[in-house]
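Here it is, the structure in full.
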Amino acid sequence: MQKYTSEARQLLALAIPVILAQVAQTAMGFVDTVMAGGYSATDMAAVAIGTSIWLPAILFGHGLLLALTPVIAQLNGSGRRERIAHQVRQGFWLAGFVSVLVMIVLWNAGYIIRSMHNIDPALADKAVGYLRALLWGAPGYLFFQVARNQCEGLAKTKPGMVMGFLGLLVNIPVNYIFIYGHFGMPELGGIGCGVATAAVYWVMFIAMLSYIKHARSMRDIRNEKGFGKPDSVVMKRLIQLGLPIALALFFEVTLFAVVALLVSPLGIVDVAGHQIALNFSSLMFVLPMSLAAAVTIRVGYRLGQGSTLDAQTAARTGLGVGICMAVVTAIFTVTLRKHIALLYNDNPEVVALAAQLMLLAAVYQISDSIQIIGSGILRGYKDTRSIFFITFTAYWVLGLPSGYILALTDLVVDRMGPAGFWMGFIIGLTSAAVLMMLRMRYLQRQPSAIILQRAAR
């Protein structure tokens, strides 16, 4: 029991700064929305449309680079720290290549925006302008993620938290300058949010790079030999590990976007109730997601040390802590669901629907916690392909079709409306949780030599 208590302490010490960093990131999005809304409703809508295209594109790159964390954690655990600098250099090369692809996609996103049904031309122009300003921040964001993943792989999650809050502090005044046109800058409205956010990502990257250059704990892994050329072998391995994570993230983000589109014809009340419940549940999701990042670090580190039993302890502890957190957040959601809904909207019909959907959200919080922490465990074992197949099967083969049938058809029961899609979420996330646990058990039952050989690749 003592080893589990000790492991839980170490996990929480890693997870809490990640949670706070995520809070800062969420707050940046909130600040952008509020400040753009203060300028005009059209500008706020433009930021919302632009963000809905930016997120899938940038999260694809973000997911690809997540491969660095278990690689660095494993090298750190095995005492091969001299190899970390080379892995990080290749991470920067990969981030550079992906940045170019993301920027090309975002530059041409106007075709997607202008093809939207009945979109106002002025709104479309502002959304395109916002994206074309924001895309210059893509390299800064992805370079920052490489530096952050280096720190997190070395079990240092506090720098990411500090840089997150630094970004938030810089974002507010820079938004003010570019949205409203102060200090000789042009008045750009919502487009100014894109300029400000792009600048903030570069500030966060430069600050993180400065920390890495001067931190005593990283003195032995600093790159003293210049940047070097791309290493095709290392980059191929990073892509093999990272691409399934990137695709899994992409499928998850697009699933919720597709559901939002399917809900939109059902009416204003249904859309508002669905959006409130989804927004609140995404805030609760920050807890298990951050814990999953910590579990990846601990499992990778323990495997690097050559101890499959300690890796199992880290995995089980992460699941135990995650389930406890999910039970607490589920009770909180059920108890206060009406009060929470009232914070968003005071329309009685919207509040009633949001409260009903939050009951379903409380049910899936436990499954969601298990599946995302399970994903973190599998990342630690460098078994990322299974994450992609499980995510795709659970969300797109089981969750979305069953949600569609329950919500919009009479095949099984009378049309349930938005609640049907939420039943689909429960089916999809529970399926993902079960499949993640089965895969984890399969991996852990393999001989130690095979587990360690895979982890060392």
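Positions of Cβ are set from backbone N, Cα and C atoms, glycine also.
Here Swiss-Prot flags 1-10, 74-92, 148-159, 209-242, 297-313, 371-386, 439-457 as topological domain 'Cytoplasmic', drawing on sequence analysis. As annotated by Swiss-Prot, transmembrane segment applies to 11-31, 53-73, 93-113, 127-147, 160-180, 188-208, 243-263, 276-296, 314-334, 350-370, 387-407, 418-438. Residues or ranges marked as topological domain 'Extracellular' by Swiss-Prot on the basis of sequence analysis: 32-52, 114-126, 181-187, 335-349, 408-417 (among others).
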Calculate the per-residue pLDDT averaged over the topological domain 'Extracellular' (335-349) and state the result as an integer.
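Taking every residue of the topological domain 'Extracellular' (335-349) together, the mean pLDDT is 82.
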Using DSSP, what's the helix, strand and coil tally for the topological domain 'Extracellular' (32-52)?
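Within the topological domain 'Extracellular' (32-52) the tally stands at 20 helix, 0 strand, 1 coil.
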For the transmembrane segment (11-31), which recorded stretch in the set 93-113, 127-147, 243-263, 314-334, 418-438 gives the largest number of Cβ pairs separated by under 8 Å?
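Checked against 93-113, 127-147, 243-263, 314-334, 418-438; highest Cβ contact count belongs to 314-334.
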What residues in the same chain, six or more past the boundaries of the transmembrane segment (418-438), come closer than 8 Å to it by Cβ-Cβ distance?
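Residues 255, 259, 262-263, 266, 270, 273-274, 277, 353, 356-357, 360-361, 363-364, 367-368, 370-371, 374-375, 377-378, 387, 390-391, 393-395, 398-408 contact the transmembrane segment (418-438) from elsewhere in the chain.
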Under 8 Å, at least 3 Cβ pairs, sequence separation 6 or more: does that hold for the transmembrane segment (350-370) versus the transmembrane segment (387-407)?
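No, the stretches stay apart by this measure.
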Is the transmembrane segment (387-407) close to the transmembrane segment (188-208), in the sense of at least 3 CB pairs under 8 angstroms with a sequence gap of 6 or more?
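No, the transmembrane segment (188-208) and the transmembrane segment (387-407) are not in contact.
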Summarise the topological domain 'Cytoplasmic' (1-10) as counts of helix, strand and coil residues per DSSP.
9 helix, 0 strand, 1 coil
What residues in the same chain, six or more past the boundaries of the topological domain 'Cytoplasmic' (439-457), come closer than 8 Å to it by Cβ-Cβ distance?
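For the topological domain 'Cytoplasmic' (439-457), the far contacts come to 74, 78, 237, 300, 303-304, 306, 308, 311-312, 315, 374, 377-378, 381-383, 386, 390.
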Would you kindly list the residues that approach the topological domain 'Extracellular' (335-349) from elsewhere in its chain, counting only those six or more residues past its ends and only Cβ-Cβ distances under 8 Å?
269, 272-273, 276-277, 279-280, 355, 358-359, 362
